[in-house]
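Noted in TrEMBL for the protein shown:
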BINDING   Arg13, His14, Gly15, Glu16, Thr17, Asp18, Trp19, Asn20, Arg64  substrate binding site
ACT_SITE  His14  active site, tele-phosphohistidine intermediate
ACT_SITE  Glu88  active site, proton donor/acceptor
Amino acid sequence: MKKDLNCVMYIARHGETDWNMKKLLMGGGSDIPLNQNGEQQAKELSEHLDDIHFDAIFSSSLERATKTAEYVALKRKLAVKTTEALKERRFGPYEGKHYSVLNNELKDTLEKFDELPDEEKFSFKLHDGIESDEELEARVITYLREVSVAYQGKTVLILCHGAIMRFLLWKFGMGTYKQLDYDVVEIHNTAYIKVRSDGVDFFVDDVYRIEGLPEWRSLKSSKHVVV
C-alpha cells in the first residue's frame, strides 16, 4: 500500500485575550498575552486534540499564540518552533484601537473594497500600514508549503491568528470574501482548520469552532484545493 506523503496540518487560532474581549484590533505589532479564559481555552484545545499524534508544533512568535501552543506541546514533550511568518496581519496605526475606529475612518475605502471582485480584493490595500491578503500569502502560504515539504507523511499543529485563518478560508476555497465576512463567519478562539498538503496544494478535511461557513462539499470528500 502506497504511503500517504501528504502533511496533515491543524491550523489553529490562539486563546482569548483581553483585547479580544474589548474588540480592539490586535495585529502583528501587538504582543498581548492570554487572559484567564484564554488559558482555559488553550487547556481545552490540548484535551480536544489528545488523541492526535503531532510530530511537530509551530507557532506565531506572538505570546498569545506560543502560549496556546505550549499547552498542547507540554503533554507531548515537544518544543514549539516559533516564526514571524505566522504573525497576525499588521493593522498599522489601528492596532490597539476599537474596530469601529477603523470602520469609521476608512468608511469610503471599505465601500470601494466591497465593490471589487475577489481577485482585486486580494491585492487591495485598505491603508499603507495594513497588510493586504497578497502580502499575507507571500509569508503565510510560503511557510505552510515549506512545512508540508519538510514533514511529508507527518502531522503538525500550527498556531496562528484570526485574520490569518480568515484569509486561509478564502484561499482554501471555503467561500467568497463576502461569504467569509466578519459579520457572517465567526472564527472562535482555538478554532482550527484541518488540511492536507503535498507541498503545493491544500485539501480541507475538517473545521472546528468556526460558525457561519457557506455550504460546501462534504468534509469527508475534502476536494477543496488551492494552487
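The backbone N, Cα and C atoms fix where each Cβ goes, glycine too.
The model shown is predicted, which means the values in this text are computed figures rather than measured ones.
Recorded features from TrEMBL, shown on the structure.
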| residue | record | Cβ contacts under 8 Å, 6 or more apart |
| --- | --- | --- |
| Arg13 | substrate binding site | Leu159, Cys160, His161, Gly162, Met165, Ile187, His188, Asn189, Thr190, Ala191, Tyr192 |
| His14 | active site, tele-phosphohistidine intermediate | Leu34, Gly38, Ala42, Ser60, Leu62, Arg64, Ala65, Lys67, Thr68, Leu159, Cys160, His161, Asn189, Thr190 |
| Gly15 | substrate binding site | Leu34, Asn37, Gly38, Glu39, Gln40, Gln41, Ala42, Leu45, Arg64, Lys67, Thr68, Asn189, Thr190 |
| Thr17 | substrate binding site | Met26, Ile32, Pro33, Leu34, Asn35, Gly38, Arg64 |
| Trp19 | substrate binding site | Leu25, Met26, Ser30, Ile32, Gly96 |
| Glu88 | active site, proton donor/acceptor | Met26, Gly27, Gly28, Ser30, Ser60, Leu62, Cys160, His161, Gly162, Ala163, Ile164 |
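In the three-state DSSP reading, Arg64 (substrate binding site) counts as helix. The substrate site in the record is lined by Arg13, His14, Gly15, Glu16, Thr17, Asp18, Trp19, Asn20, Arg64, and its two most distant CA atoms lie 15 Å apart. The number of other Cβ atoms within 10 Å of the Cβ belonging to Arg64 (substrate binding site), over all protein chains shown, comes to 29.
When secondary structure is read from DSSP and collapsed to three states, Trp19 (substrate binding site) falls in the helix class.
Secondary structure at Arg13 (substrate binding site), as computed by DSSP, is strand.
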